[in-house]
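Taking it in order: structure first as structure tokens, then the write-up.
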Amino acid sequence: MNMERRELVASLVAGGCAGMSVDLTLFPLDTIKTRLQSQQGFYKAGGFRGIYAGVPSAAVGSFPNAAAFFVTYECTKSLLSTGGALAAPHMAPVTHMLAASLGEIVACLIRVPTEVVKQRAQASPSCSTYHILLSTLREEGVRGLYRGYGSTVLREIPFSLVQFPLWEYLKTLWSWRQGHTLYSWQAAVCGAFAGAVAAFVTTPLDVAKTRIMLAKAGSTTASGNIPLVLYDVWKSRGLKGLFAGSIPRMTFISVGGFIFLGAYDKVRHILL
């Protein structure tokens, strides 16, 4: 194993800390996004009331989710670049894409249950997070907590495929232009920009995921057929519906990307 233990621990702790700082700081934006995307519409889902509804779920899932992603990402990257066809420099974007996609698939095992509970709490702020967790388990069992796993992975992978290569590319370009490696804040600016682009492009998939997670058990939406859900949104709300919540989503992800990648870099440097 050529990736030393210290590096692994550094990635884990840095990823976890960075994830938590983002999720908790920007939580209100996420709540607004969920309510804009929900079937019942923004005001019926709670409007600007109880903007921190569902925060316990986010707090619990945040650290392990981000840590799982980064450990998988770094390990895959170091495994793929050790030898063989993917070691060549021009293959770097492919390595990053594969590593990021695998990272997402693993992280989603933790993210999806917390996301299901969180979004349901956001769309019905009168119920507590604990109450929602119990009623989900009672009505649908553990499978209910994984409702929307497919659509979450399908949202995350195209997102990573856009964000990570774009991030790495912008960093390379900028460091080449200034003749030395980037400072933490510059890497974070690149991350914010890459994140915003990726966030906008993948908003329709995010809308589908929200609808699937919030749908009543046993309804057609709950079965998780993404094209069907998107067609339904398109029919009832048009293009505006497909891009519902894109502004808070882009803001969350670009500001989030800035905090996340900045914090990740900083904590990692402290630890190593």
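In case you wondered, yes, glycine gets a Cβ from its N, Cα and C as well.
What you see is a predicted model, and the numbers here were worked out from it, not measured in a lab.
Residues annotated as repeat 'Solcar' in TrEMBL: 6-79 (among others).
The feature repeat 'Solcar' is assigned by TrEMBL to 91-173 (among others). Residues in the repeat 'Solcar' (91-173) partition by DSSP class (helix H, G, I; strand E, B; coil) as 75 helix, 0 strand, 8 coil.
The repeat 'Solcar' annotation in TrEMBL covers 182-270 (among others).
Annotated transmembrane segment per TrEMBL: 182-201 (among others), in sequence order.
Annotated transmembrane segment per TrEMBL: 246-264 (among others), in sequence order. Beyond its flanks by at least six residues, the transmembrane segment (246-264) meets 14-15, 17-19, 21-22, 25-26, 29-30, 32-33, 36, 66, 70, 163, 167, 184-185, 187-189, 191-196, 198-200, 203, 206 of its own chain at Cβ-Cβ distances under 8 Å.
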For the transmembrane segment (182-201), find every same-chain residue at least 6 residues outside the stretch whose CB is under 8 Å from a CB in it, and list them. 158-160, 162-164, 166-167, 170-171, 174-175, 243, 246, 249-250, 252-262, 265-266, 269
Helix, strand and coil counts within the repeat 'Solcar' (6-79) (DSSP): 56 helix, 0 strand, 18 coil
